[in-house]
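Asker: Quick one: structure below, then a few questions.
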């Protein structure tokens with residue numbers, strides 16, 4: 001059911017790693033307390049006896065704690081772990097086979113147009129020109145996709161999730177750089193954080209963390225950088241299908257008389273419509289359907305390349321000598337620099353290896369590239385170079401001209417299918433990026449369909465799919481030429497790579513705590529190469545290069561506006577929280593009639609009582625006997641374990657029967673619980689919470705245990721029982737005495753009061769449980785607040801424009817809360833409220 005209540009979830013509850021100087025917890029018994037824990041309210045009474053805080057500290061097992069200043073920038077243990085993606089060897093190989101159909105189609109079809117674009121800018125005057133271009137292509141592939149992505153960037157995954165937002169989420173866990181202040185200390189105790197003890201590089205990591213947290217400009221710069229990278233990936237999702245399909249279909253121009261540009265455009269549009277219509281079947285089905293075709297395509301590339309090398313000139317292997325790159329620039333000067341824009345097309349789709357990681361695993365992507373894609377691409381380019389050394393005038397259609405005539409039609413069919421598949425890589429990457437940005441509060445809510453029960457990352461976003469299709473058709477119809485599209489394509493591709501390089505460097509320094517020399521070597525080597533390529537492709541800005549910049553500007557505006565408006569609304573709600581004094585003045589009946597039933601009030605606040613609650617009090621003639629404030633919150637990790645998903649705490653005194661439930665999700669988690677199952681789970685979990693709370697109350701009565709062996713009882717409690725917030729997972733079914741030995745249980749039971757040993761007989765507990773069951777029998781009602789956000793009258797013009805028009809338009813047209821619910825509408829009560837921000 002929770003996946004249908006999105007009005008108060010995806011919109012605002014982005015990942016804030018915010019926090020503060022509060023402590024974090026680490027595994028390991030080598031760390032001990034040096035002082036009172038932060039939740040200890042130790043005090044001395046007038047008689048000299050220690051207060052409740054001291055008793056609690058002795059009764060609770062000494063937490064394995066490191067001071068917050070020592071662990072805020074800790075490394076994620078097993079940061080490159082894949083969680084549930086631990087597969088057998090054969091499963092990994094099968095998944096690697098699938099990656100051919102989803103991840104590598106784009107890079108695999110680049111031989112269709114790379115040399116044609118390069119030599120349209122540099123004439124072939126000698127063999128050195130061909131060898132120089134070949135050497136550039138070979139070392140570009142070896143340096144960027146192989147060295148950078150396969151061996152480094154893929155390891156910067158966020159528990160199996162890739163892309164710019166995954167890197168941003170990883171950074172958010174170690175520095176308070178997110179603009180949404182909904183971080184809780186309990187979030188840091190989720191096992192997925194996997195904290196380690198300090199490393200020698202900790203001091204530097206802490207300085208970076210403090211600088212990021214104290215400088216609001218840097219926070220905004222980091223966010224904008226991530227949004228630019230995401231916008232570029234979406235732009236790639238538009239340009240990749242256009243250039244790949246047109247390049248494949250254009251092969252018919254030399255084969256069929258009278259087959260001109262208009263025919264190429266028409267057939268390309270038909271193919272694109274078919275491609276986007278099969279996306280709804282899901283990545284797995286598309287991957288299995290396309291993988292055999294791509295496997296045959298790579299086999300054809302390698303075989304034809306080897307054939308051409310043997311037939312025309314085997315000496316093209318001389319291009320392994322990088323000196324030919326120097327000769328290429330020496331002989332051609334500025335034209336060689338301009339040709340870099342064509343050369344960079346050989347690595348189009350490299351970012352898809354990282355962005356599509358959520359659909360697969362790191363080993364599967366590494367195996368496929370290292371043993372299939374990389375060698376086949378090298379053979380293909382060397383074969384084309386060998387052909388051009390003998391036939392330099394045929395550079396414009398070098399791919400099809402170098403194919404043996406008897407194999408033209410089979411290769412054409414495979415190339416056309418391969419071009420369709422090439423588009424799949426960036427389409428899947430676009431879906432992943434949109435899902436992540438929605439979860440982190442940077443994209444309007446859209447319908448997301450999970451197409452695989454086995455892999456949560458395999459999704460389909462209908463609105464984005466049809467948007468990409470329409471834009472692809474427009475691009476093909478307007479440009480009508482792969483050359484102009486190639487100019488646009490290069491800017492988008494290199495832009496994404498530069499963003500990834502910057503973020504991975506920050507991850508190295510802040511999260512991995514890599515040696516300073518290695519981190520800056522990574523930035524210097526790959527950043528310099530990408531900067532050189534960017535300088536070349538930007539020179540084509542008036543020849544089609546403006547297109548990806550226009551796409552990026554549009555999506556950047558949408559995402560930043562949504563994030564800006566969401567943050568302002570959340571901060572307004574925090575400021576307008578209902579004070580506890582007012583609640584106490586209303587007394588337990590809340591100034592109205594309390595009738596049997598359970599009211600689930602959805603809101604964004606993780607603490608406090610939302611102001612919308614007053615609207616319900618003013619507009620409803622009666623209120624339910626039990627109120628639960630439900631907050632659906634995303635935390636900056638891919639997946640939250642089910643047993644750690646929910647937090648519960650009491651709001652107001654016991655006789656108010658009001659509680660808060662925080663449901664925590666990672667940005668990869670799917671929320672598809674049936675509302676009846678959720679209601680049952682809520683009641684069961686609430687009962688567990690009440691019993692554990694009764695245990696806490698019993699422990700507070702123990703004031704004379706200073707001289708007993710309290711340590712025997714310590715292991716039965718956890719530091720999650722903090723006074724400030726009862727961080728008790730709703731679904732945590734473990735017995736509190738599970739970890740203790742039988743002897744420790746016996747020893748502890750001899751000194752605990754009867755209210756602990758037989759809580760079932762506690763009258764107050766039994767009364768509350770019976771009241772809860774009576775309320776459940778009367779049914780559940782979902783209380784939803786519909787918030788209208790408006791800028792204050794004295795706000796500056798730009799803010800009014802963004803909030804009153806752009807943000808309001810996005811909120812009006814995005815997926816609303818009631819539209820997403822699987823709850824009967826008779827069980828829903830909605831109240832409106834205007835937030836002046």
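Numbers here mean position along the shown chain, with the first residue as 1.
Any Cβ shown, glycine's included, is placed from N, Cα and C.
Caution: TrEMBL annotation is automatic and unverified by curators.
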Asker: Pick from 194-216, 217-239, 585-607, 608-630: which range does TrEMBL record as transmembrane segment?
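Answerer: In TrEMBL, the transmembrane segment feature sits at 217-239.
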Asker: Can you see whether the transmembrane segment (367-387) and the transmembrane segment (290-310) are touching - at least 3 CB pairs under 8 angstroms, only pairs 6 or more apart in sequence?
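Answerer: Between the transmembrane segment (290-310) and the transmembrane segment (367-387), which are separate recorded stretches, there is contact, as judged by 3 or more close Cβ pairs.
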Asker: Sort out for me which stretch, of 130-151, 336-355, 455-479, has the most Cβ pairs below 8 angstroms to the transmembrane segment (217-239).
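Answerer: The stretch I would name here is 455-479.
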Asker: Who are the chain neighbours of the transmembrane segment (259-278) in space, where the CB to CB distance is under 8 Å and they lie at least 6 residues beyond its ends?
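Answerer: The answer is 241-242, 245-246, 249-250, 252-253, 286, 416, 419-420, 423-424, 427, 465-466, 468-469, 472-473, 476-477, 480-481.
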Asker: I'd like to know if the transmembrane segment (130-151) touches the transmembrane segment (336-355) in this structure, counting it as a touch only when three or more C-beta pairs sit under 8 Å and are separated by 6 or more positions.
Answerer: yes
Asker: To what whole number does the mean pLDDT across the domain 'K+ potassium transporter C-terminal' (596-835) round?
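Answerer: Looking only at the domain 'K+ potassium transporter C-terminal' (596-835), pLDDT averages out to 71.
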Asker: If you count Cβ pairs under 8 Å, which stretch among 455-479, 516-533, 545-562 touches the transmembrane segment (130-151) the most?
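Answerer: By the under-8 Å Cβ criterion, the transmembrane segment (130-151) pairs most with 516-533.
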